[in-house]
Amino acid sequence: MSEDKDYMSEPFIVKKIDDEESLLDDYNPQGNTSFSKTCFHGINALSGVGILSVPYALASGGWLSLIILFTVAITTFYCAILIKRCMEMDPLLRSYPDIGYKAFGNTGRVIVSIFMNLELYLVATSFLILEGDNLNKLFSNVGLNFMGLEFQGKQMFIIMVALIILPSVWLDNMRILSYVSASGVFASGVILASIFSVGAFEGVGFKNNDSEVFRLNGVATSVSLYAFCYCAHPVFPTLYTSMKNKRQFSNVMIICFTICTFIYASVAVLGYLMYGSDVESQITLNLPTDKLSSKVAIWTTLVNPIAKFALMVTPIIDAMRSRFSRVLPNKRASGFLLSTILVTSNVIVALLLPFFGDLMSLVGAFLSASASVILPCLCYLKISGKYQRLGFETLVLIGITLTGIVVVITGTYQAVKDIFGRF
């Protein structure tokens, strides 16, 4: 039971990344986490701020892009099973970087770690943008003058939220925040119910006729945003390792992906029916602020990222502290300094690129598609040895990998183009 509690205290967005020179030692093959708790953790890992962007993704690609959502869900589910197979082939594997190391040596570990850390960094940055957007909607026409510098609306709120979050990043003990961040499971349900309530009972309705069946020029954005919704694969090795009965892991994945896909599809359809092509990159920005259900949705959206921010950046800080341990031998001082520098850089990026939808599209295309689709396929091909013999599954894996590469190239190009187009 104590081991299960220790597991509950770990960040579920991603397991802490070991130093690339570390060996696979001190392995305990017996986990203590039950089936139901693993389902809970899996749903929490899959559910996140992506739920706010799925209506925008649907509006970008049209109604037929729902097929893309289900295709992405099925593909990423299959890639989760590939991760499980890799873990089964070598019981010493405990984390995603370990799988990369097993497949491609230190190069594989470094590549996986870079993708994981960069994804965490940009998602944490998107939290600040999200907070700034929604607080600016609630409290418009608010500004701040500091030492002759004018900070208006969104800029001021981004800085203010960063100052509120910073003390939580300084903490070494993340147990309390880990429990709070688990509210992501309930937050997704609350947001879905609130959006439905706004449409059904508070005057917005579901009869917006400004919608399209298919928009070819928006497909790249749709795929990227949908991919971002399923970017939890770095945590799946941790979930697998923690399970008491690892044979049930596939069933856990079925439940997690089914529930989250239902929620994502429901929010996408409701949001598109309510606002059509006018839907914002965050559905909460469309909601009327004078309605109770809207306030519940917006405040739920605001609280959850604040709790999760520290958990997102802690693995990055730990990796930086390990890298600079000789220069900064004092653990507490180095943690304080590095975490402050990291959060400051998050704020700078958020102020320079304050475009939530475009940033999520970039993360989904470049990082999520790579970490959740391409890397699982390549690692499984190498570890299983299937790359040496041509069969049906090998062809499927090659096809998925090539498709993933196309998504990375086209989605990243479109996201970067959209970002620069806003300046």
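From the backbone N, Cα and C atoms, a Cβ is placed for every residue, glycine too.
Swiss-Prot has this to say about the protein:
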{"type": "TRANSMEM", "residues": "39-59", "note": "transmembrane segment"}
{"type": "TRANSMEM", "residues": "63-83", "note": "transmembrane segment"}
{"type": "TRANSMEM", "residues": "110-130", "note": "transmembrane segment"}
{"type": "TRANSMEM", "residues": "151-171", "note": "transmembrane segment"}
{"type": "TRANSMEM", "residues": "186-206", "note": "transmembrane segment"}
{"type": "TRANSMEM", "residues": "219-239", "note": "transmembrane segment"}
{"type": "TRANSMEM", "residues": "252-272", "note": "transmembrane segment"}
{"type": "TRANSMEM", "residues": "297-317", "note": "transmembrane segment"}
{"type": "TRANSMEM", "residues": "333-355", "note": "transmembrane segment"}
{"type": "TRANSMEM", "residues": "359-381", "note": "transmembrane segment"}
{"type": "TRANSMEM", "residues": "390-410", "note": "transmembrane segment"}
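The stretch in closest packing with the transmembrane segment (110-130), judged by the count of Cβ pairs under 8 Å and taken from 151-171, 186-206, 359-381, 390-410, is 359-381.
At the 8 Å Cβ cutoff, the transmembrane segment (333-355) and the transmembrane segment (390-410) share fewer than 3 close pairs (sequence separation 6 or more) and do not count as touching. Using a cut-off of 8 Å between Cβ atoms, the transmembrane segment (390-410) and the transmembrane segment (219-239) share at least three residue pairs, counting only pairs 6 or more apart in sequence. Below 8 angstroms of C-beta separation, residues 54, 57, 96, 99, 211-215, 218-219, 222-223, 226-227, 229-230, 233, 236-237, 240, 250, 253-254, 257, 261, 264-265, 268-269, 272, 372-373, 376-377, 379-380, 397, 400 of the same chain, each at least six residues beyond the ends of the transmembrane segment (63-83), sit close to that stretch. In this chain, the transmembrane segment (252-272) lies apart from the transmembrane segment (151-171): fewer than three C-beta pairs between them fall below 8 angstroms, excluding pairs fewer than 6 positions apart. Residues of the same chain lying 6 or more positions beyond the ends of the transmembrane segment (151-171) and with a Cβ under 8 Å from any Cβ of it are 128-129, 131-133, 135-136, 139-145, 177, 306, 309-310, 313-314, 317, 335-336, 339-340, 342-344, 346-347, 350-351, 354.
Spatially, the transmembrane segment (186-206) is adjacent to the transmembrane segment (297-317); three or more Cβ-Cβ distances between them are under 8 Å for residues at least 6 apart in sequence. Tertiary proximity for the transmembrane segment (359-381) is limited to same-chain residues at least six positions away from its ends with a CB under 8 Å from its CB atoms, namely 49-50, 53, 75-76, 79-80, 82-83, 85-86, 96, 99-100, 102-104, 108, 111-112, 115-116, 118-119, 122-123, 125-126, 129, 220-221, 223-234, 281, 353, 387, 394, 397-398, 400-401, 403-405, 407-408, 410-412, 414-416, 418-419.
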